[in-house]
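Remarks on the structure that follows.
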Amino acid sequence: MSLLDGRILGFTTHSDSFVSKRQSNGAATGRFFQVIGNIHDIESYYGIHGSQVNLQIFLSHFGHLAIIFLWAAGNLFHIGWNGNYELWILNPISTMPIAHGIWDPHFGAQGEAVWGGVSATSGGSEAVVVSYSGIYNWLYAVGFTSVYEIYNFVIVLELLAVAALLLGKTHLIYNEELIQWLGTNKPYYRVGSDNEEVVSLYKKLALDMKVYPMFIWPFRIFLAAFDASGLRLNFHIGALIGFTSLAWAGHLIHVAIPASRGIYHTISPVGDSTFAEPSLKALYPFYSGNWAYYAQDIDKDNHIFGSTVGAGKAILTFLGGVKSDTASLYLTDIAHHHLAIGVLFIWAAHLYSSLYKGFGHRIRDILVSANSGMMIRSMNSYHLQLALACAGVSVITSVVGQHIYSLAPYPYLAYDYVTTVALYLHHSWIASLLMMAAFAHAGIFLVRDYTVNPKTTTGEDIIGRVLAHKAAIISHLSWVSLWLGFHTLGVYIHNDTVTAFGEPQNSILIEPIFAQIIQSASGKTLYGTTLFSVVNPSSGWVQSVNKSFGSLLLPIGPGDLLAHHAIALGLHVTVLILMKGALDARGSKLMPDKIHFGYGFACDGPGRGGTCDISAWDSFYLAMFWMLNTNAWTIFYFHWKELTLWQNITFQFDESSNYLNGWFRDYLWFNSGSLIRGYDALGANDLSVWAWIFLAAHLCWATGFMFLISWRGYWQELIDIILYMHLKTPILYDIWNAGVYTPVALSIVQARFIGLVHFAVGFIITYAAFIVGSTT
């Protein structure tokens with residue numbers, strides 16, 4: 001039963017819709033509380049338990065996969081249909097990739113002019129939308145050379161989407177019934193089933209009882225896979241990651257690397273095909289132990305991607321650094337990486353005990369000491385599993401965001417400045433939102449799923465130990481946040497003050513010497529000094545990290561140190577708020593007995609005082625703003641650093657990043673100029689639409705403050721006035737039906753949610769327009 005049982009408020013719980021019929025005509029406060037509170041109680045909300053929940057989650061994956069396949073197919077289809085891929089690969093640096101065309105009967109000459117500049121540089125004759133996703137670079141990297149091949153890929157993706165939908169539908173309808181029938185000695189079917197096909201299937205199966213029971217064991221294994229952690233881990237590690245990575249290494253070796261050397265695996269309309277043999281000796285060197293053979297004869301320095309000029313024959317290398325012409329990682333290095341990952345993960349898939357006892361490790365045996373019992377606890381809490389999964393995927397996404405620019409994997413991606421920043425921005429937002437979700441569901445787990453076993457001491461339960469030490473955890477985070485905040489902001493304000501009074505020479509400038517030493521350990525030279533490391537200075541890696549072009553290890557100074565500590569401040573405050581909210585979800589100094597009051601994730605309901613302000617939801621809500629601002633500081637820093645590098649004005653960042661007004665003036669205001677001038681009464685340009693989005697997103701962002709600051713009293717007065725005017729206007733009074741909808745003030749939770757959504761959406765889209773306008 002949910003801790004937020006609706007009977008507290010006189011409502012009935014619902015299982016088939018977000019808003020039950022009884023509540024649909026009630027106050028917004030009750031409706032929102034009921035939904036936000038009870039939707040997290042998965043079992044009672046949907047009326048399913050145990051393995052059926054796992055099965056439903058598994059089945060939802062098929063739908064998710066189908067959506068992904070269709071989404072990718074749609075993007076690729078439009079590239080093939082009205083993109084310029086075949087033109088782009090002839091000159092990837094100077095040609096802008098087209099995502100899709102635009103046909104609008106309302107476009108006049110002025111409307112065409114808005115997109116005209118883009119079309120002229122993209123090779124298109126119509127109005128188009130430019131692609132900032134990097135998908136062209138990915139297609140080029142993996143060996144696509146024609147629109148025909150893209151169309152074939154689209155068809156494959158669409159077939160996979162259909163297959164995923166059919167698999168999900170089939171399992172959803174028949175799986176439970178078949179399991180129940182196969183597990184008994186007599187035919188089983190639901191009495192009164194309205195599905196005649198299912199009933200007839202059962203009757204048919206009942207006639208063949210001696211045949212079908214042989215399928216019991218595969219079905220039981222199928223169901224066990226959802227609940228057996230070892231089996232599930234082995235499958236995900238080995239089959240999904242291991243074999244997929246190994247297969248991708250095969251594609252790179254047989255298709256992508258030969259294509260990068262002008263040897264194409266083509267599929268023509270008449271059916272002719274050539275399959276590139278990557279090595280003259282095939283697998284003989286592998287079995288004979290001469291693995292170094294595959295790394296011999298690497299591409300020459302004058303190699304041109306996609307041609308035979310300077311091409312080598314190596315297929316698996318460990319060169320490091322980036323190619324000189326594409327400014328991207330060597331495909332042979334990437335193939336080696338995926339081969340190693342595949343082998344490693346397939347081996348790791350045999351670590352955990354699954355079907356046979358005595359073979360592999362049992363996770364429950366590994367989790368000893370303070371971690372004992374964690375496996376059972378995690379298996380019984382979907383919110384704990386989801387929190388851990390979100391945290392893990394968040395870290396992976398963040399790492400991808402960092403690598404996508406510092407070690408660009410796709411050819412010529414580093415030359416496309418807007419795409420480079422857009423991909424970093426994209427992955428930063430996703431990673432941040434996933435981490436917020438991790439903390440939110442950790443709070444729900446502590447409220448709803450965690451129980452203290454009175455028979456065990458606190459030391460035997462890692463979660464209990466964390467809760468017991470939460471005062472120390474919170475106070476340490478608070479101390480770090482205070483230290484970072486006062487010192488960082490103090491230095492910024494000092495520098496602003498002395499600069500404003502005409503004495504910039506008195507600024508406090510602190511060199512990040514420890515970070516510079518770490519850079520030198522990776523091969524970076526320090527102000528013309530000799531290398532600290534023993535790495536061969538002629539290696540590709542050392543050449544890459546000391547290039548002026550690229551962003552692997554950029555020179556850093558006092559402005560970088562201040563930005564680093566400002567970002568650290570934001571990260572620590574965000575974590576402080578989230579940790580305090582999660583750890584205090586069951587009880588705090590202010591209200592130690594929350595858990596005994598039916599206290600939930602959002603709050604304990606309307607009409608019980610200001611308890612929403614001390615709930616885990618409120619901490620999540622507050623931390624979201626710190627997350628958004630911290631992410632903004634991170635991206636501001638990254639973007640400005642990259643802009644000055646690309647424009648060869650690195651001195652601007654070095655001088656202006658040491659005080660706050662420098663950030664406002666030389667980064668935000670200066671780079672907003674192109675959008676501010678996007679359109680006027682005299683005409684428009686190719687940034688006009690982005691300028692309009694810049695304005696509209698600002699308005700959305702500002703609307704969020706109206707909800708966040710005004711709170712309940714303002715809305716109560718406003719709605720009363722609106723309702724009064726409606727009732728005093730005869731025509732509107734006829735339209736208005738108070739029995740269908742009753743306007744009431746927004747609750748605190750509701751107003752904060754609406755305000756947060758406006759703030760976040762406006763914030764993110766405003767900066768997206770800023771990126772395109774300033775970087776273009």
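Cβ from N, Cα, C; glycine included.
The [4Fe-4S] cluster binding site annotation in Swiss-Prot covers Cys603, Cys612 and rests on similarity to another entry. Residues or ranges marked as chlorophyll a B1 binding site in Swiss-Prot (evidence: similarity to another entry): His698. Summarising the annotation, Swiss-Prot assigns chlorophyll a B3 binding site to Met706, Tyr714 and lists similarity to another entry as the type of evidence. Here Swiss-Prot flags Trp715 as phylloquinone binding site. Look at Swiss-Prot and you will find 57-80, 150-173, 233-257, 334-352, 382-405, 421-447, 472-494, 561-579, 619-640, 687-709, 753-773 tagged as transmembrane segment.
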Okay, the transmembrane segment (753-773) and the transmembrane segment (687-709): do they have at least three CB pairs under 8 Å, pairs separated by 6 or more?
yes
What else in the chain is close to the transmembrane segment (57-80), if you only count residues 6 or more beyond its ends and a Cβ gap under 8 Å?
97-101, 131, 133, 135-136, 139, 147, 150-151, 153-154, 157-158, 160-162, 164-165, 167-168, 171-172, 226, 382
For the transmembrane segment (619-640), distant same-chain residues with Cβ under 8 A (at least six beyond the ends):
405, 421, 424-425, 428-429, 432-433, 435-436, 439-440, 443, 560, 563, 566-567, 570-571, 573-574, 577-578, 580-582, 584, 653, 657, 663, 667-668, 752-753, 756, 759-760, 763-764, 767, 771, 774-775
Cβ-Cβ under 8 Å with the transmembrane segment (421-447): same-chain residues at least 6 beyond its ends:
3, 40, 132-134, 381, 383-384, 386-388, 390-391, 393-395, 397-398, 400-402, 404-405, 463, 467, 578-579, 581-583, 585-586, 595, 599-601, 616-617, 619-620, 623-624, 627-628, 630-631, 634-635, 638-639, 642, 764, 767-768, 771-772, 775
To the nearest Å, how far is the Cα of Met706 (chlorophyll a B3 binding site) from the Cα of His698 (chlorophyll a B1 binding site)?
13
Provide the three-state secondary structure of Met706 (chlorophyll a B3 binding site) computed with DSSP.
helix
Around the Cβ of His698 (chlorophyll a B1 binding site), how many other Cβ atoms lie within 10 Å? Please give the count over every shown protein chain.
15
When DSSP is mapped onto helix/strand/coil, what comes out for His698 (chlorophyll a B1 binding site)?
helix
Suppose we draw a 10 Å sphere around the Cβ of Met706 (chlorophyll a B3 binding site). How many other Cβ atoms does it contain, all chains included?
14
